[in-house]
Each structure stands twice: as structure tokens, then as C-alpha cells.
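Contents: one structure, followed by commentary.
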Amino acid sequence: IAFCRGRIVRVPKGPLIRVLGTEVVIPCSVSDYDGPSEQNFDWEFSRETDFVRIVSTWDSTFTSEEYQKRVGHGDIKLRRSSNDAVELVIRNIQPTDQGRYKCSTPSTDATVQGNYDAEVQVKVISDGLSLSGSKARSSMSLRLSEGDSFKLRCSAVTTSPEHIHLHVTWQIKSGSVWRDILSLTHEGKFQPGPGYEERYRNGDIRLDTGANDTYLLSVSQASPTDGGAYRCLVSEWVRGADSSWQKIQEKSVEIASVAIQRTDVVISTSNVSVTERDSLDLTCNITTDRSGIFQTEVMWYFSASPDDTLSDAQVLLSMDRDSIVSDSILISLSHVDRNSYRLLVRDVDVEDSGYYFCQAGVWVPLHNGSWHKVVERTSAPVSVVVTALEPDYEVFLNASKTPKFSDDPTELNCRITNAQDTEANIRFTVSWYYRQRLRSDDVVTEELLAMMDADWTLQLGDRNRERTQNGEIIFFKKAADTFSLRIQWTSESDRGDYFCVISAWSRHRNNTWVKSKDVTSAPVSIFWATQDYTLTVEAVKLKPFFVAGHTFEMTCKVSSQNIKTPRYSVLITAEKPLADQSNPNGTTRIISLNQDSVVRLEDWTDQTRVDGVVLEKVQENEFRYRMYQTQISDAGLYRCVVTAWSPGGGGMWREAVNGLSNPIQIDFQTSG
């Protein structure tokens, strides 16, 4: 028998104690059954012996005449909670509803096993719970100041003959929602509501029981969020036959409407602009409806950012509740009237620009003669902009040296003109910029060449940093009012627009320098037209006919265009017949003459004729090559390879263009 399985129908273990006039919900479930997953249920009621049919999930004709009206009006109904469970709901239960309730499930099993119904006893008791608030018939109204304390009372009495436990909860209504503040549960435990845990631990929220079944809510350090309607919510709980707690009734009564006047701290002026050396005047106003004795402490703060916390901000000045002000030379704090405090900053500087805010704390006396801070508030920050006393000046940029060719020098002078109000506390620095010139309409961002700090330290930009460090570009101060830029050897990549920015710096009280003004010059264009280099080399054989053993002689004449003061280097090459195995590459480098007229033997390897070849400069653009005691092996095509050089930066030579002459042939078979 222990291993047999069958249908099991369950209802709560009775008796179920319920209060007259309340809604009763009796659950019923079935398990371990065969057939469809969704099961049907029938409910019946008996006061003594016979059962009367109440309602069914599957048979609309199941309800007896006695219950048809209540079922039709919805006062009694079935509420399905799952496929295998329903709830019988009885609204406004009456003494006549006391008795036994039976839940049955029609069989869908292949074999009849288990139980198909279950019964529970319901006991209806009278309503013995009564609540009351203040002595007045309606809820009272309280108007308090922020930081005050208040107490509210609620009385809850039950006369039920059963062993009833009360659960008392104080709630506040903000908007349309009631929120729990603090509860004394039916198990005798204190339970703070969400958001009230810390205040409960600090003792600012308390719930005490008193005589005559009263429950006292005490609130200290009231804040604006404590404003709203307050009610006392009380429920009755009993232990069921299974020792679990069951809530059988709940009532509430509104006790009071509480308004909390917020204490605000506001700086009377919004955003402020003041000129350097003037005075900054700000007033901190405290808004409160507190009428009793109180004293205020005030502290002014300064911060560079509106988002800084008090710990990050700088304390300017403070006044305690006894009106004692901390010392300061340029800043003063005065008590204008009961709720206004004035901050005066004399001889302001640009570094005084930032965000100012004040913090105020309100203190009230206690019965023992001590003082207690009831509220502390910080104002929103006020933006203060101190405008520097700008000097008046203009900037003129001109080029004292402009290049006409590559490697020519460039010199630009950036001059301060029409300077006024440039007192001893003003100094000037320069920044140099370059912008590439484009033929299209593309926008080119300017590039920083160099800039000076307030202490005249030169900071180099990325462009031409190495050239500047090598001395190819020089930044210097030519005169008291003139800054200069010199490019020793201007290259084509330097062509473009140049402009300078003169910055004025003001010295502040702490001897630091702060930039007060920038003036930008008109751009100066550095540009010269460039044409392609051309180089022409003509080779001429001086003796048209000769035989082996005679001297071979040829000249190379060079002409060039668009090259500044060119010099030439010459290389003599020979292209031997393919049958000549001495040089499988075909071309032999014989002798060269560089741009400084230094001669060098290249691939000439005939040790018996070391002095057998000569290359010399006849004129600036003419060179002569001789080869003595020619041999049959010297046959081939001879050329002049010429390179044109122009003067580069730092005394160096820069390669401009290469040229190749026409070939001159030595052929002993056809020579006379």
C-alpha cells in the first residue's frame, strides 16, 4: 500500500478563522492524476450534515438555488490559479457562511485511486478591530520647518475572542502611492520600510508603544521628503492549524497631513562678469520660515569646476553661528540681515574666475543649553568670469628676405605696433604658424612651427623640429618689439603662407603669468616659380681617324637651364662588345671628375697604363677625356655621364639633374 499512487486533492488545514464582512479565499489543488492537464473542480458547503452545491468550473447548472444570486452577482466565484488549482472567493463573508467547505474533482483517471475531495472548516468571527488617530474627528495638519521633529499617534484595539496578533505599519503617501515607513510586525519585530533603514538605525525614525494600545511614530531631522499624508495601517493575524501565520483583516486610518518648509540657500546673483582689479560682491540668502530662536553658520567656497565636491573645493571664508569670521586680507564676509550674508572680494584677478557657492547650517538651542544643527544646505554654484585688462596693440608681419630659388634664405619679422596700456605687468610672446598653399579649395589646417611660453621658453612644433635643432631654422628676437624667423636654406617644401600670433601676458598677484590676449598677423606668402631642370651633354671626337697605339681624345660640352649656379661632375663610361669577357655587364666606369674637380679612377684596372687615361676640366661647361696608347681591347662606345649640382644648405651640394651624352665609337677595324 505504501507504494500505491493516486489522485490527491488538498485544501488548507482548518479551521480557517475569518472576520465578518471580509473577503475569504480558500485554495484547492489536485495532484497525481491521469487525463488532461487542466482539471475541473466542484465546491459544496455544509452547515451541519448535508452539502449544498455552490459553484463548479465545468457545469454551469451545478449551483443550487440558494447560491445562484450570490454567484450571479460575483459575490462568490472561482478563480483558477493554474491547470490543477483554483480558489474559492467569497466576498463579504457572513455568519451563515460558517461551516464545512468541500472541494471535489471529477475523475479523469483510468483507475480510481486516491481521494477525490477534501474538506475544510471555516469559522466566522465578529469584527473587533477599531482604529483612531488624533483626538479630532478628522486628520490633523502640521506645518513644520526642515530639521524639526514631530510625533504622530495611532490607537489600535481588538476585542476578538481569538488569540489575535496585530501588525502595525506607519505609511506616507507621496503622489498616489503609499510607502512603508516603519512596522511593528505581528511577531513583535521592528521592520523599516525601503529607504528608511539608515534613519531607523540612526534613531531618527522610531515606533513606540504606549498606554491605551497606542502606537507612536517619532520623526527627527525632518526633511522635505517627509512631507505628505500619514496613515496607520493595522492588520490582524492568527496562527492556523498548521502553525503558519494568516492575515485575517486589515484596516487603516489617516492620522495627519505634514508639510515641511524647505530651507534654501541661494546666491542672489546669477552668472557674474567683473573686470580685473575691481571688486566681486556676492550675497548668500537663506530662505526659511523658522520663527523661533536659531543661529546660522555660513561658509563660502571656490571651485574651478561646477561639478567639484566640497572636499575638492577651496574654502574662502567662514562665519560660525556666533558671527565670528575667519581672517582674510582681500576677502571679507559680513552679516547684512538675519538671513543674508555678503562676500566681498577686493582687487580681483583673472585667476579668481570660477564657481562660487555658499553653505549654510541652521542651529537651534536644546533644553540642556547646547546647540543642535537641524539642517545644512549648499547653494548652486554661481559662475564668475573675471575679464583681464587687455592691452591694445596691432601685429605686422613682413619678409625682409625672400627666396627666388631653392636654398635661398628667408627672413620674416613679426612686429608689435601701436601698443597702448602695456604696463610693466605685461609681456609679449610670439607663435609662428605655417599653412600650405593648395591650388584647389581644400582647407588646410595651419601647422605650429614654434611658440613661446610666458617665460620665453621656446616650444617647437613637429614640423621642421630637426631642422631647427640643426640650426637650419632660427627663431630670435631682433628688437624689443620684433620677433624674427629665419630659414637659412629655403626648400620647395617651405613654400606657403606664414603668419605670427603675438600673445600678451599679465602678471597676477602670485607672480604667475596668465595670457590675456592674442593678436594674429595677416599671412605672408613665401613662393617662387619653379621650372624643370634641363641638362644637355654633347660628346665630340677630336681625331676622327687613328690606329692602335695612338691617343684617343674626346670632349663633352654641357649646357643647363633653371639651375642656380650649377657645377658639374663627369663620369666616362665605355660599352665593350659582347665578345669582350673582361666585363660581362657591358658598361665600364673608367674615370670621373666631381663637382670640386677631384679626379678618380673608377674601374680602370690596366696596371701597365695607370696614367693612360686623363679627364680634365677645360671650361666651366667643357671637359676633355684622353686615352693614351690605345689597344684593340679599348674598342667600344664611349660616353660622358654628367650630373648638375647646385649649392645646398650648410655649404653642401645638392644633386639637381643627370644627363648622358651621345656615344663616341672606337673601332679599329674601320679606323684608318
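Cβ coordinates come from backbone N, Cα and C, glycine included.
Database features, via TrEMBL:
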| type | residues | note |
| --- | --- | --- |
| DOMAIN | 21-113 | domain 'Ig-like' |
| DOMAIN | 146-254 | domain 'Ig-like' |
| DOMAIN | 263-360 | domain 'Ig-like' |
| DOMAIN | 391-520 | domain 'Ig-like' |
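Summarising model confidence by region, the domain 'Ig-like' (146-254) averages a pLDDT of 90.
Across the domain 'Ig-like' (146-254), DSSP assigns 9 helix, 64 strand, 36 coil. With DSSP states grouped into helix (H, G, I), strand (E, B) and coil, the domain 'Ig-like' (263-360) comes out at 3 helix, 52 strand, 43 coil. With helix defined as DSSP H, G or I and strand as E or B, the domain 'Ig-like' (21-113) counts 11 helix, 37 strand, 45 coil. Broken down with DSSP, the domain 'Ig-like' (391-520) shows 8 helix, 73 strand, 49 coil.
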